Amino acid sequence: MASIQSLLARGTVLFTVGVFFALVLNLLQVQRHVTVFPPEVLASIFSSAWWIPPSCGTAAAIIGLLYPCLDTKLGETQYYKREWSSVMRCVAVFVGINHASAKIDFANNMQLSVTLAAMSIGLWWLFDRSRSGFGLGVGIAVLATFVTQLLVYHGVYRYTEPDFLFVRSWLPCIFFSGGVTMGNIGRQLALYDGDTDKEKNE
Amino acid sequence: MKSFKERISQIYYTHGLFCASHPYSIIISVIITSACICYPLTNLPLPGNAPVKYITPLEGYKVPPRVQPMTKHDEQDLANPRWYVGKPKGYIQQIVFKATVSPWKSSQMISTDAFRAPLSLLFKTLEQINNLKVHVRGEDITLSDLCLRVSEVVTRGKVKGLLPEYSCLLVSPINLWQHEETKFSKDPDLLKTIFRRYGQPLETGPYVKDLLFGIPWFKSGISHYAIRNKERPVSFAITIVSKRYDPVFTEALRVKLESLYPETTENVNNTEIRHMVHYHYKDINYFAEYTYLFVTYFVLLLYLYFSVKKIEMVKSKWGLAISAVAMVIASLLVSVSICTFFGMTPKLKGSEIFPYLVVIIGVENVVVLTKSVVSTPVHLDVKYRVAQGLSKEGWFMTKNLVLELGIILVGFFTFVPAIQEFCLFAVVGLASDFFLQMVFFVTVLSVDIRRMELSDLHKQSVFQSVHDNQEASVQIEPLYRCPVASNFPSMAANTPKLHKSKSDPRLDSQGDPHGTPPPSPGAQADDTFFPSPAILELPRRLKFLYFWARTRIFQRLIMVCTVIWIALIVYKSGLVDTLTSQNESVPSSYPHHTVDTLIKAEMLAEKTSKAPNEGMWGMGRVYEYDDGIGPVEHTELELFDQLSYKHWQTLFGHYNISVLGSYVSILPTIHVSAIIDPDTAIKMRHPADMQSSTELNSPNQPITHSDTLKTEDSTNEMSDYTHMYDAEQLKLFIPKSEKEFIITVSFGILSVIVITYFMVVMYKCMCSRNYAKWRSSWAKVRRHHRKGANRFIKESIPLVLRGHNQDIECITTDGQLVISACLGGELRVWDSNSGECISTLNRKSIIPPRRRKPCLGRNIEDSDADLYAEYHGDSFGMESTGSSDTSLSEKSRSLEYSRHNRFENEPDLSSTISFDFTTPDPVSPKLSEISKDGDASGSSQGYDFKSRFNKVYEEHWQLVHNADPTTFNRDNRIHSVELSGHDWENILSPRLRSLSTGETPWYFDDDMTEEIVSAVWCLACREGLIVVGCGNGRVEIWEAEAGVLKCQYEMKPSGVTAISFTGNSVIVARLDGSIDFLALETFRNPINPPPVTTPSIPRQHRGHVRSSSEVKVYDEILRCVCHLSVRAHQRPINALQSEGGRVVSASQDHTLKVFRLEDCLCLYTLHGHEGSVTALSLDKLPPYSAVSGSTDGRVRLWDLLTGSCVYMFHGHDGAVSTVTSTLQFVISVGGDDKLCVWDRHKGQLIHSMSIYNCCGSSICLLSNSLVVTGSQGKLYLCDIVKGEIVREVQLKDSDQAAFVRRIKSVGSMSIVCDFGKELEILHFPTILEKRE
């Protein structure tokens, strides 16, 4: 019973975090005029693409719960001792990657994609270093990109300058690093839950 | 790889030691250093406030559209920044004047002439500009049509009158005089007017004068204290703000001005720059930007919070946290500052990248460092704690740093300028942060920990538990010791280098005929604190010389002077100037400069390289026109670039026009040069000018200010200043640029620090309080010099003492006597010099008197006490009726205990031996149980026990029998036991309590003897009396040389495990954990007058014996009285020693107990060991501390005065078998074949020597630096100061050779040791050989 409750609590937290990230990062993209939104930023966040933040939040919750679950299933030992500070570092780097993708002027899209890919791998190496994390991250990236492609194909959503089929080429990298970050947060939350469970048992 | 790691941790150790030793000086110097490095930042715009610059070509300029195109456009539009939309707030046209009065007639002219005439040009020029009419597209355009009309000035203060109102926004310096020429010409002091503060009292720059002059102030050439009378070019600008840009009008204006001032064409090419510069002031209220900034900062805050939260166990958590964060910020500032210093202009928005930089740099190291330092043993000195903590984490931190640098360096290969810039910042930031962590944070941490130690000193017990859990601390010798610190005596005592000289006087004592045992720190203490009179007599000047020589002040001074000299040479040679001037020229290579400027710069560079006096050249732009550039030539065409970044904002702000979120466009500046005839200038002079200048230029006026611009030809100047200095020479000493100035200042600060440091050292040297110590240290040094001889330790052939039939169990020494006991219970007394056996104490032949001689040795006075004691003793004896079995079982236990029976004599016993000292002995509880049973149910229980050990005992008796076949025939075991019961009854009927020797030694019948001969477990000897502790609980006192039994005490059946014999008291520790305090009483036969009770056994007594007539011996009767018997421990006592009025017992129950000798009171119980305490050693001299070792492998140093554990040394893997201590060291030998030497004052491991097969051997101190330890068939002589084995003495080379277990010193430099059945006496003579 307690486990379901804690699962729900974790899910809620992750969902909130996901929604929050979706809003903030979208804002960054808006600045760059990448996605099509009306110039009135405030209105755009709450009206036009209302379904994006919730779906991002759901995805975040799923990923965040999946990571610790996978860890226990595979029994993989974690490279790092989990600490909130390192999670925060991870989040900061993730935001930084997003920021870089939004703000920095690259010579061409190829360069942008390669740089972001390197950054994402660096993020994983710095804060995760588990094979399951990498696998899951890649899986998420592929799946999410595919879903986005589908959405754009059906005209639900549009990118101003698609260069990778219908979307931007850096999208998989962002998804990958987002997955790793969410996984980190999820693991940390799970750890916290485990601790409280232990305390309760004692 | 491992050695590399060790090397790194050693470096860290040294560094930590250094930092923690000089905390405050380091903190101050670090702060000064970073402040110096950050100084260039003051010229930099604050992060985030700098206007964004954007350049568009002048040709084809059109006002950008109102909105940014949303849909696809051509490349050009996409490249435009997002803010480049709509009309600018204003087009700014600057007209920069550069004017000078030339040629300068220094005889006729005064300094203010240089300003008045050029400024007066403005009146004429402005009139011309205002009247300019240009015909464009059929209409006449004047300036008033184009210009931006402004209304009222909104800011208060005197600005109101100075800036235009309800007219064109056109400002120039003459606004100061309200554009009125009469006002200007009547102004008596122009400079005062210029430098007056208008505006509000707390106004920050740009000031009104900056706005009016329109150029960076230092370029204007106007200085407040223009003392020197010379030609100076003056620059100023007219700033016109127009609301639209008309190229035709601008062109016409330029032509007009050029025609007005014909010199212009020669000095500048006004058409060179064909672009417009736009400055965008960012809008603060940009929602999206700030949301995400808020997010990043929030994440950053969380990160810092969670990181800093992990800092634990420090005095001031907040202080450390703040210093950690401050450090990160400081390192970022330093990074930015360094990057800009080397010519990089930050293009990224500071506030945006700041959080990422912090996250990349991180505070992980800080947390790790704190943890590591805090987890070091609490009882150590702070600096060693810091050093250890650092060294532990050194490798990890270095690895991380290299890794992070590597990752960031990858960023350079993205070839994206923004990322590269970020990476550059990050790399420099990381490096500077690492530096700060290592220097600043470590020091702050050490200060914090020191504070904590001070406040928590009384809470030591709390930390006890903490440092019990400590792992073995890393012991690292620092790479380099502070050269100054080693001069201080207190520290010098710790350095091994000086140990040698300290231990030298000790070696001298070997010639001492007294033959006192070596550990005699008293003599050494005398050496240290009372220098011998010969030294005191030395003349004062010699002392002074020695002082000089020792502190090496001259060498150091010369060294410092050399360094300064070299620095000066480098400085003079212009290297620094060249460097700074290179930095100056860096901006010229920036892309926004045109090709023309680049070419010009190159040409300049070529010129400089061709200049013959290269060393003197290269002073940057200051001397540029000396090389053919005219006085009014414009060298920098975009002066507005160097204006304060708030310049335009302020200017517009005065009219309440906000440029935030918008931009201003700056049109190419029109440059005007004017050369004014000196006569005109003189004509314009104000009468007050003349007056003030004559005052100022009085001949003795010193030069107080240097000019940045020097225009005069040198001949003129020479004529003016030859009476002061050579002007050219003077120039070298004046800082020419800001950077040069900074360098000079930092040089100055450095030298001040160095000088202060030396002053402090000098003061400490001279300080009267330390004078005595200093003197004593001179003495030492000198003695060392005077000796001039090398000491060698030789070894002699061992003297073998043969005689025992069984393995030797105990050895003790008394002066030159060696007393040994074998397993068979035979005691022999040897002379250590000759090696002959003086006497053999035949204990088997002795039986205590059945009946005590009535009242033979008793006084009438003590009868009551005696009687009571007798009753007591009787009852005690009754209780122990059934104890014969127990005593027998204990006998077997004694064999176990001795651990010697594994040798060839008694192989069968090995099955009952417990070698395992690490676990509590399982036999002992069993034993006590058995003895209880014996008490309760009598002998039937004993038979069971006997059957178990029967075989063993038969064997044993057999051996004894063999050993002495001539003595009486043996009955078997059962018989003896039967008899024993009978015997005990017999004995009990008389008094058991104390047995005195009667007239003759008592030779007794067979069965009795069998019972009495028991194994000797311990020996003590003092002044010719041997105290023997037996396995059956009896204590016998023998006269050594005569070999007669003086007295015996037999109250308890429990075996005697340790005896201490001091004064007239004998302290007996037993297997059952009890301690008996016995006193020896001497009685005289009452027949001999007078009957004296001597409380002690004085030398006199011994003298009696020695000089003995037989008669006298009878007179002296020794008695043993038990003062007190306490059950001190629950488990057997392993060791007991007494020194300085304290008795310390070490037991298997993990504790030690301290008793006071006088009243047998238990003072302390020392807890701390986690195993049976197996080894104990007491200081022979104050401070009378105790060293104990236990089966848990730890050695503890106790302070007996307070009963607290001073240090815990952990270095052994197995049980500690022996410990001993000198004044400086604690030496321990463990079952892991290691000999460890610890520093007693610092609690550090100094040496750990592996000695093959030495397990459990005892050690013996030869001198303060030499110990002897044994091994299988070998002896090792170790130098504990150097930590090496000096000599190895082979007693027998065989695998079967016996182990050397017991080593005692005899006299000085000689030892006696057991070797199987033999005793070996080794002498280690030292000889002095003259040094080459």
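The backbone N, Cα and C atoms fix where each Cβ goes, glycine too.
Listed features, source TrEMBL:
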COMPBIAS  B:501-511  compositional bias 'Basic and acidic residues'
COMPBIAS  B:690-706  compositional bias 'Polar residues'
DOMAIN    B:289-447  domain 'SSD'
REGION    B:496-526  region 'Disordered'
REGION    B:688-713  region 'Disordered'
REPEAT    B:801-840  repeat 'WD'
REPEAT    B:1166-1208  repeat 'WD'
REPEAT    B:1209-1248  repeat 'WD'
TRANSMEM  B:12-32  transmembrane segment
TRANSMEM  B:290-308  transmembrane segment
TRANSMEM  B:320-344  transmembrane segment
TRANSMEM  B:356-380  transmembrane segment
TRANSMEM  B:401-419  transmembrane segment
TRANSMEM  B:425-447  transmembrane segment
TRANSMEM  B:553-571  transmembrane segment
TRANSMEM  B:655-676  transmembrane segment
TRANSMEM  B:741-763  transmembrane segment
Residue counts for the repeat 'WD' (B:1166-1208) under DSSP, helix then strand then coil, are 0 helix, 23 strand, 20 coil
When you check the transmembrane segment (B:425-447) against the transmembrane segment (B:401-419), do you get at least 3 Cβ pairs under 8 Å, counting only pairs 6 or more apart in sequence? yes
Range from B:12-32, B:356-380, B:553-571, B:655-676, B:741-763 with the greatest count of C-beta pairs under 8 A to the transmembrane segment (B:290-308): B:356-380
Take a look at B:320-344, B:356-380, B:553-571, B:655-676, B:741-763 and tell me which one has the most Cβ pairs under 8 Å to the transmembrane segment (B:12-32). B:741-763
Mind checking which residues reach the transmembrane segment (B:553-571)? Cβ under 8 Å, same chain, six or more beyond either end. 747, 751, 754, 758, 762
Same-chain residues near the transmembrane segment (B:356-380), Cβ under 8 Å, at least 6 residues beyond its ends: 296, 300, 303-304, 307-308, 310-314, 320, 324-325, 327-329, 331-332, 335, 386, 388-390, 392-393, 396-397, 400, 404, 408, 422, 425-426, 429-430, 433-434, 437, 441-442, 445, 449, 453, 463, 466-467, 470, 473, 1206-1208, 1242-1244
Is it possible to list how many residues within the repeat 'WD' (B:1209-1248) are helical, extended or coil according to DSSP? 0 helix, 24 strand, 16 coil
Residues of the repeat 'WD' (B:801-840) by DSSP state, where helix covers H, G and I: 0 helix, 23 strand, 17 coil
